[in-house]
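Visitor: If you scroll down you'll find the structure; I have some questions about it.
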Amino acid sequence: MAVRQALGRGLQLGRALLLRFTGKPGRAYGLGRPGPAAGCVRGERPGWAAGPGAEPRRVGLGLPNRLRFFRQSVAGLAARLQRQFVVRAWGCAGPCGRAVFLAFGLGLGLIEEKQAESRRAVSACQEIQAIFTQKSKPGPDPLDTRRLQGFRLEEYLIGQSIGKGCSAAVYEATMPTLPQNLEVTKSTGLLPGRGPGTSAPGEGQERAPGAPAFPLAIKMMWNISAGSSSEAILNTMSQELVPASRVALAGEYGAVTYRKSKRGPKQLAPHPNIIRVLRAFTSSVPLLPGALVDYPDVLPSRLHPEGLGHGRTLFLVMKNYPCTLRQYLCVNTPSPRLAAMMLLQLLEGVDHLVQQGIAHRDLKSDNILVELDPDGCPWLVIADFGCCLADESIGLQLPFSSWYVDRGGNGCLMAPEVSTARPGPRAVIDYSKADAWAVGAIAYEIFGLVNPFYGQGKAHLESRSYQEAQLPALPESVPPDVRQLVRALLQREASKRPSARVAANVLHLSLWGEHILALKNLKLDKMVGWLLQQSAATLLANRLTEKCCVETKMKMLFLANLECETLCQAALLLCSWRAAL
């Protein structure tokens with residue numbers, strides 16, 4: 001009983017306080033009838049009905065109803081206070097107060113309009129991206145129709161050497177499917193698993209006119225320290241398997257299933273500007289053409305008495321590309337526009353790596369392959385992932401606890417934040433913009449100059465010590481936007497450097513969005529209209545031609561990776577550069 005009286009007394013005091021704040025003590029809030037507190041104001045005793053002869057009544061209602069009544073009273077009070085504030089601000093505060101209130105309302109309206117415009121732009125970009133994501137997939141796999149084949153070295157016809165690096169040799173190859181092809185290749189001295197240099201004595205070494213072409217390339221890794229077991233080889237050389245396709249390691253007939261460890265490398269999603277490993281398997285090391293001359297020391301002792309290599313190694317099967325970027329630039333001088341498109345392709349590939357949490361760490365013109373479209377325009381593909389950082393557990397943040405931690409393969413094109421890093425208990429190297437810096441250095445080669453980070457002499461720069469003012473100027477024929485972008489990519493501080501995605505968007509806008517950038521007031525709705533026009537034109541161009549040209553492919557990649565935020569960043573960056581000229 002005492003508890004109930006205490007609660008009732010507290011409720012009465014609360015109501016009295018609320019009534020005093022409103023200035024109308026005779027009414028309860030939202031109910032339209034006098035409350036108990038009204039009697040207190042008139043001097044009446046709470047708990048008794050007004051008037052003579054009235055019977056006494058209990059104070060308040062039951063506890064749940066009392067709380068409901070209190071909640072309704074507070075809600076009514078809040079609504080009336082809000083109405084009073086609006087009335088006073090509009091009618092009682094004078095002209096100055098009205099102006100402030102009007103400006104505040106207009107500001108809120110403008111903010112809401114901007115937010116609605118931004119939401120519409122983001123939604124449009126997402127819809128465009130969804131359409132082109134399905135249309136920007138890589139081309140068909142040459143071995144798609146032979147999913148159960150290609151996992152043994154004996155199934156391939158190996159031709160001449162394509163090239164060699166510091167850890168592998170690459171040979172041209174093909175895989176016959178019909179018996180008549182085998183008969184033709186036997187007559188030319190090409191035997192399964194053997195090259196022309198290993199054919200039997202007395203067999204012809206020249207190819208007949210009907211000899212098959214070599215659409216594939218086989219990369220034979222040099223195994224010096226991995227041992228001879230297949231599982232040890234796959235684990236030691238696992239970085240080479242990062243760009244492997246889903247079926248590359250799923251073979252039968254002697255192929256070893258790769259057991260991916262918890263700290264193993266990531267599997268890279270396919271991208272048109274990144275190499276695909278079609279098959280990967282281990283096999284005995286054969287004596288291939290030029291082996292005794294080009295790399296005798298890494299051969300097993302059964303092939304060369306002084307060889308240090310093991311008897312088995314890893315073989316990777318890929319598409320055969322005509323040349324590397326370095327070889328292409330030795331005999332070709334691309335126009336400034338074509339060179340900008342080549343630079344754009346590298347940035348698209350690097351952006352895909354960053355989105356996947358992978359750093360290549362060995363980008364150079366020798367590790368970039370080139371093929372030509374029907375119009376002779378080069379299509380670039382990033383290859384050789386032997387030095388990549390693709391750890392599931394750390395992503396692009398490499399703990400640098402000691403000098404024994406591997407920072408990558410190419411010291412000349414190592415970004416400043418990597419080359420100047422010093423080990424420590426909490427030291428971390430951020431590779432999120434390191435490959436983009438390397439692309440900026442390769443841009444000099446693409447535009448016809450010597451890479452300033454190669455060679456010797458006064459013109460040679462080192463990534464650990466150079467200053468931006470020392471960077472050589474690109475030719476005047478290069479568009480100003482591209483020159484500014486290359487200098488931005490080579491900023492020493494990674495925080496001042498644009499990401500690969502923003503840099504790619506800068507080139508897209510510079511190449512195909514000139515009339516949008518020419519507008520004095522660049523608005524989102526204008527940008528969305530331009531994107532819709534580009535989408536329609538790109539879809540039409542893609543349907544009218546059997547094989548897309550490089551320009552159409554690049555537009556499709558741009559629209560497949562479309563993000564409103566990064567596109568606006570690129571547009572603002574371009575506008576700031578042009579305003580500074």
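Placement of Cβ uses the backbone N, Cα and C atoms for every residue, glycine included.
In case it helps, Swiss-Prot gives these features for our protein:
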- 1-77: transit peptide (TRANSIT)
- 94-110: transmembrane segment (TRANSMEM)
- 111-581: topological domain 'Cytoplasmic' (TOPO_DOM)
- 111-117: region 'Required for outer membrane localization' (REGION)
- 156-511: domain 'Protein kinase' (DOMAIN)
- Ile162, Gly163, Lys164, Gly165, Cys166, Ser167, Ala168, Ala169, Val170, Lys186: ATP binding site (BINDING)
- 189-208: region 'Disordered' (REGION)
- Asp362: active site, proton acceptor (ACT_SITE)
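Show me how these features fit into the structure around them.
Guide: Mean model confidence for the domain 'Protein kinase' (156-511) is a pLDDT of 86.
All protein chains shown were included, and the count of other CB atoms within 10 Å of the CB of Ile162 (ATP binding site) stands at 19. DSSP assigns Ile162 (ATP binding site) to a strand in the three-state reduction.
According to its DSSP assignment, Asp362 (active site, proton acceptor) is coil.
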Visitor: Since the record lists Cys166, Ala168, Val170 as binding-site residues, which of them has the fewest other Cβ atoms within 10 Å of its Cβ?
Guide: Cys166
Visitor: Show which residues of the chain containing Lys164 (ATP binding site), separated from it by at least 6 in sequence, have their CB under 8 Å from its CB.
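Guide: Same-chain residues close to Lys164 (ATP binding site) (Cβ under 8 Å, separated by 6 or more) are Val170, Asp294, Tyr295.
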Visitor: Give me the long-range Cβ neighbours of Asp362 (active site, proton acceptor): same chain, 6+ apart, Cβ under 8 Å, in sequence order.
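Guide: Expected: Asp384, Gly386, Cys387, Cys388, Gly408, Gly409, Asn410.
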